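According to TrEMBL:
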BINDING   Phe61, Gly62, Lys63, Tyr81, Thr82, Tyr83  substrate binding site
DOMAIN    73-152  domain 'Alpha-ketoglutarate-dependent dioxygenase AlkB-like'
BINDING   Asn118, Tyr120, His130  2-oxoglutarate binding site
COMPBIAS  126-139  compositional bias 'Basic and acidic residues'
REGION    126-153  region 'Disordered'
Amino acid sequence: MMSDNLKKVDLSCISWKVIKNDGLDLEYTVPIPRSIADGILKELEETLTFFTGDLAKIKVFGKIYPLPRQQVAYGDPGITYTYSGITIPALPWPEPVLMLRDFLFTLKGIKYEFVLVNKYRNGNDHMGEHRDNEPDLDPKYPIASISFGEERP
Ligand SMILES: O=C(O)CCC(=O)C(=O)O
């Protein structure tokens, strides 16, 4: 399994960059070598299936829209996440997503209990500008984001 290779990532080479601004406190790094990252993306593509039906719709100012991206959520049993007028259930962790959770624990010492996966199929899929200020999020813990695939221009 390609995600097993995360255990081989040399953590001593990782350098973090920091961006601090009004209301922004961000640390970022590119810790996964391209060859490993591409394999993990392939494994994710082969493993994950995305929400359909009502779970693939959002409500903005009372109006219902189809999501302009694909989405699925995983987490510990019983967790749900409510945002933009929908409540999504956490499905059981698939193996490659668990490996990424373990990788984040190794990197930051935080054991995340939930993940929202967003897939942007092409240049039309997107995520609007937003604040992650949902009541379900615990402000004591930072949000972690891992991106795979193409760079956006
Ligand atoms: O896909 C991304 O990295 C952005 C995700 C995001 O902003 C969110 O899920 O709230």
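We number each residue from 1, going along the chain as drawn.
Glycine too: its Cβ is placed from the backbone N, Cα and C atoms.
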| Using DSSP, how many residues in the compositional bias 'Basic and acidic residues' (126-139) fall into helix, strand and coil? | 0 helix, 0 strand, 14 coil
| query | Could you state the CA-to-CA distance between Tyr83 (substrate binding site) and Tyr120 (2-oxoglutarate binding site) to the nearest Å? | reply | 19
| query | Applying the rule Cβ within 8 Å of the centroid of the Cβ atoms of Asn118, Tyr120, His130, what extra residues of the same chain belong around the 2-oxoglutarate site? | reply | Arg69, Gln71, Asp125, His126, Met127, Gly128
| request: Taking the Cβ of Lys63 (substrate binding site) as the reference point, list residues of the same chain whose Cβ is under 8 angstroms away and which are at least six residues distant in sequence. | output: none
| request: Have a look around Tyr81 (substrate binding site) and count the other CB atoms within 10 A of its CB, chains all included. | output: 17
| C-beta crowding around Thr82 (substrate binding site), within 10 angstroms | 11
| note | DSSP output for Phe61 (substrate binding site) maps to coil
| Which of these binding-site residues (Lys63, Thr82, Tyr83, Asn118, Tyr120) have a C-beta closer than 6 Å to some atom of ligand 1? | Asn118
| field | DSSP-derived class (H/G/I helix, E/B strand, else coil) of Tyr83 (substrate binding site) | value | strand
| said: Let me make sure I understand the structure: which of the binding-site residues listed (Phe61, Tyr83, Tyr120) has the fewest other Cβ atoms within 10 A of its Cβ? | reply: Phe61
